[in-house]
Amino acid sequence: MKHLHSITELSNDEIMHTIERAIMIKNGEIKRYENIYTANLFFENSTRTKCSFEMAERKLGLQVIPFETSTSSVTKGESLYDTCKTLESIGCDVLVIRHPENNYYEQLHELNIPVVNGGDGSGQHPTQCLLDLMTIYEEYGKFEGLKIIICGDILNSRVARSNYHALTSLGAQVKFVAPEIWQDHSLDAEYVSIDDAIEEVDVCMLLRVQHERHDEDAANFSRVNYNRMYGLTRERYDRLKEEAIILHPAPVNRDVEIDSELVEAPKSRIFKQMENGVYTRMSILSQVIENNR
């Protein structure tokens, strides 16, 4: 792994290597790096991904260059490429970027330093996908044959897209649950009712309703109706298999995608995902650093 733009760039072996390395790091096998400089360029708001990357970088001994888009020359019209080329020129070794434009990284092929994608529009979120995979693998020790539903705003979700590609490649059976207006038929997955699927799934992955990516739909959105038709309610939770787990990339709209009381219920792994995000990103960054030396 010399960079990470999309989960589709990785073979199954590379995915498994990244997960296994993350588990080793979690168990205390941490290699620290000297004189490696990184910058995190987040052009969309973020709590988990941005802080998780910074924690991963600091645990690896990396020097993190502060960068805030609101006080940078981006506000003066500087292009993404020129911003990144500037950071390369002053000595950054790795860039982590989140950007609202799908496939923004295609503008950056002339850079001589690696880019790790922290999320591009509704395109890809490879590091979130890999931490989700790590969390599933810790529970089941496999992907082959697992039954997984991904519930919510599929059309606007980079998390759904990345997870669908990786999980199906690894042998899991993935189905979607979504209102018709938020379905994405470019992904060759079956759409089902949550009530028809809930009793047989091994993993119930919930997605945030992304109000900021909607227009006229937002005015017609009903939290109560969404929760009733598509959300994980207590009644649905009680129908899950004993060993089933719940995932959510967060932030969580409580009482919309999931009843508030279930966010930290025994089957929930939502905060475990956040913990694993640090180890997964340490695994990714260490591979990128070592493969670009």
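Cβ from N, Cα, C; glycine included.
Feature annotations, courtesy of Swiss-Prot:
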- R48, T49, R98, H125, Q128, A250, P251: carbamoyl phosphate binding site (BINDING)
- K76, R158, R208: L-aspartate binding site (BINDING)
Within 10 Å of the Cβ of R158 (L-aspartate binding site), how many other Cβ atoms are there?
23
For the recorded carbamoyl phosphate site, enumerate neighbouring residues of the same chain (Cβ within 8 Å of the Cβ centroid of R48, T49, R98, H125, Q128, A250, P251, site residues themselves excluded), in sequence order.
S46, T47, S52, G118, G119, V159, P249
Only counting partners 6 or more residues apart, tell me which same-chain residues put their Cβ under 8 Å from the Cβ of Q128 (carbamoyl phosphate binding site).
T49, G119, R158, V159, S162, P249, G277
Here's one to test understanding: among the binding-site residues R48, R98, H125, A250, P251, whose C-alpha is closest in space to the C-alpha of K76 (L-aspartate binding site)?
R98
Quick check for you: of the binding-site residues R48, R98, H125, A250, which have their Cα within 10 Å of the Cα of R208 (L-aspartate binding site)?
A250
If you count, for each of the binding-site residues K76, R98, H125, the other Cβ atoms lying within 10 Å of its Cβ, which residue has the minimum?
K76
I want to check the contact list for P251 (carbamoyl phosphate binding site): same chain, sequence separation of six or more, C-beta distance under 8 angstroms. What comes out?
T47, R48, R208
Over all shown protein chains, what is the count of other CB atoms within 10 A of the CB belonging to T49 (carbamoyl phosphate binding site)?
24
Can you count the other CB atoms that lie within 10 A of the CB of R48 (carbamoyl phosphate binding site)?
15
Among the L-aspartate-binding set K76, R158, R208, as the record gives it, the longest Cα-Cα distance in Å:
32
CB neighbours of A250 (carbamoyl phosphate binding site) within 10 A?
18
